[in-house]
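A.B. asks: Sending over a structure as structure tokens; questions will come in a sec.
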């Protein structure tokens, strides 16, 4: 059903230069963002919406932290691990952060190899990203169980304001859920890449549409976003 | 005046996007039930919204019966009354108005009006509807749950929303409400992303942003706002769920419940109010902007005149949308706030009156010296302008801190927001249904029934809500189950209350006539043809009516002009469709 009629009169290059050109391009027909596919546009707008969710969570946490009359527990002490008789503050969080940021690197490489249609390398890198993501969630589970063993509950904790536990479980839980879904979708897309769905133009099981390697990049957008959100959680929850 | 150019044709750029790959249904189930066609999804959304809206209508009857004739109806006790208020408000604002404007009109009109075959991701669009249906069912389940639905008031303010004194507070009611809201938001996000991307990235050749009908501008801006405002409600709902289920204290201060000191404490109830109204105020405009857009198109089409100041109208929509994110705390003047914040929020609130007034002037100037056809859509559009101006003026009262404080929590507030975001958008919805029903079904709605419906609804709404302003100025509080013998309330106020209740029942009955008309005209209505209103926009130019799957037959339409070429001097007819090639055809489109 592709369009075949050509009514191109050769005047499209006559768009005005400079800022007016930007406006003319943006408000021109068919697409506001040239060379951006529907899927990519949709992911960007979804991420914008998701930013507001995390923004609200973090602002709510900050409000709770500032308005509670009971002192806030010291995160450096709470999140310290004793390794070899030495108490090291935030060591686990530091490792988790390192792992998550590294996984963004492997994801970026996967995108690159995806556009080269190198399906084995792409799939392998996505799998590696998923493994790194899964180990992040695993360490988070370890952190949760350690805190729970020390008596931290959503409604109370041994060191101070009850909102500490509530905010901690809610925000890291919501972020962890994002990472877990990311891992799930990484595995699904990695399987499709590995099987060569995008070379064979195989149709999707649910949508019955053909996919292409751009989905790796869209997946990457989501993954980098989750990573970026973690940086803010790290700064506002653990370092403050 | 706008320049009239003799030639509307400009360079039509070559096709940049591949045609959308449609899902072709293989069975009755995938064609009509699990449909991925935006038009079917729109009808599903509209029917579900109307069904749950009828529940809310009946609830308003019950509330009015109690207020008008206190003590007559034993089954409406205080608890039930609060449950009716809560469910009425929440259903009307979110599950009816938001769903109908964005899920209903958005789904039907966006692909047709921008010249697309469908939404960009039909599968996600389908999921959006099913999640919405699930949300509605979970909400309705509240009526059958032990303890009944929540009676916390539609704003669900904690701590009372989750305490045992409130109906449903310690039972299922509040839980089902919060779950339902969360489901609604997830479902809406799937649909909303589709609407936004379709408008931004899926338009026809020649359909520039500044050629889009204002209907699309309104729905598009409202959807963007909804995608940014609903997250706040989502977060508030999740946190309140934790407060209720896990005993966290996000919103719970130290509190004594039934003589017992609760374990919770240290939380901030004001935090909830901020989150709720950061969603709640944009929500007003999420409902109002599509109405603004649709009414612009109705007025232009039925007055056979181009919309006055199209660009200004577009910018007014965008500016209202942006401003509405920084006014939310005007709902909280009596919550206890730094007076400087009150000053800030009062200022931003009153500034919104400027772009809104621009819109009203432009509607009136569009009508000025137009060839006004008093068809049903036009009647509803005119009624909307009057009602919206009325509601907007009382908004100026309530936007000022000093005037708001004595009026807060009185019937004046009820009258104000029912006028401005209840009656006004509903009038547009009716007008829009009378306008687009011929496209959806191929038949016109019955005119006689429509006239009765219009006059009863329009006059009745005024007879309900005008006296309510007066009751509010007397100081009669809202949300009171019974006024009783109170010194400052004169006997006449009780009589007036009874009158309002009778009018409410009458107006409600007129809506049943309207629903009957919708069903009756489906078979018995006059054949409409493809373009009964002689309108310019693309949805009236489809090869079939109702439009077939894929909307446009083999070739996508190409747009040569803006949506408002009515009564152009020198043209053969008094309207020129957007897809009519420009060569030889004049246009009033402002040179861009």
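Keep in mind that glycine also has a Cβ here, set from the backbone N, Cα and C atoms.
Bear in mind that TrEMBL entries carry predicted annotations, made automatically and left uncurated.
Annotations per TrEMBL:
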DOMAIN    A:43-240  domain 'Heme-copper oxidase subunit III family profile'
REGION    A:1-20  region 'Disordered'
TRANSMEM  A:41-64  transmembrane segment
TRANSMEM  A:88-111  transmembrane segment
TRANSMEM  A:123-142  transmembrane segment
TRANSMEM  A:162-194  transmembrane segment
TRANSMEM  A:215-239  transmembrane segment
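Neighbours and distances for these, please.
C.D. replies: A Cβ distance under 8 Å defines the sequence-distant neighbours of the transmembrane segment (A:88-111), meaning residues of its chain 6+ beyond its ends; these are 75-77, 79-82, 122, 125-126, 128-129, 132-133, 135-136, 139-140, 142-143, 179, 216-217, 219-220, 223-224, 226-227, 230-231, 234, 238.
Proximity of distant same-chain residues to the transmembrane segment (A:123-142), defined by a Cβ-Cβ separation under 8 Å and at least 6 residues beyond the stretch ends, is recorded for 92, 95-96, 99-100, 102-103, 106-107, 109-110, 113, 172, 176, 179-180, 182-183, 186-187, 189-191, 193-194, 216, 219, 223.
Outside the transmembrane segment (A:215-239), and at least 6 residues removed from its termini, the chain residues within Cβ reach (under 8 Å) are 39-40, 43-44, 47, 50-51, 54, 58, 61-62, 75, 79, 90, 93, 97, 100-101, 103-104, 107-108, 110-111, 114-115, 122, 126, 129, 133, 167-168, 171-172, 175, 178-179, 182, 185-186, 189, 192-193, 198.
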A.B. asks: Is the transmembrane segment (A:162-194) packed against any residues at least 6 beyond its ends, judged by a Cβ distance under 8 Å, and which are they?
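C.D. replies: Distal contacts: 53-54, 57-58, 60-61, 64-65, 68, 70, 72-73, 78, 100, 114, 119-120, 122-123, 126-127, 129-130, 133-134, 136-137, 140, 143-144, 147, 152-156, 202, 211, 213, 215-216, 219, 222-223, 226, 229-230, 233, 237.
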A.B. asks: Summarise the model confidence on the domain 'Heme-copper oxidase subunit III family profile' (A:43-240) as a single mean pLDDT, whole number.
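C.D. replies: Within the domain 'Heme-copper oxidase subunit III family profile' (A:43-240), the model's average pLDDT equals 93.
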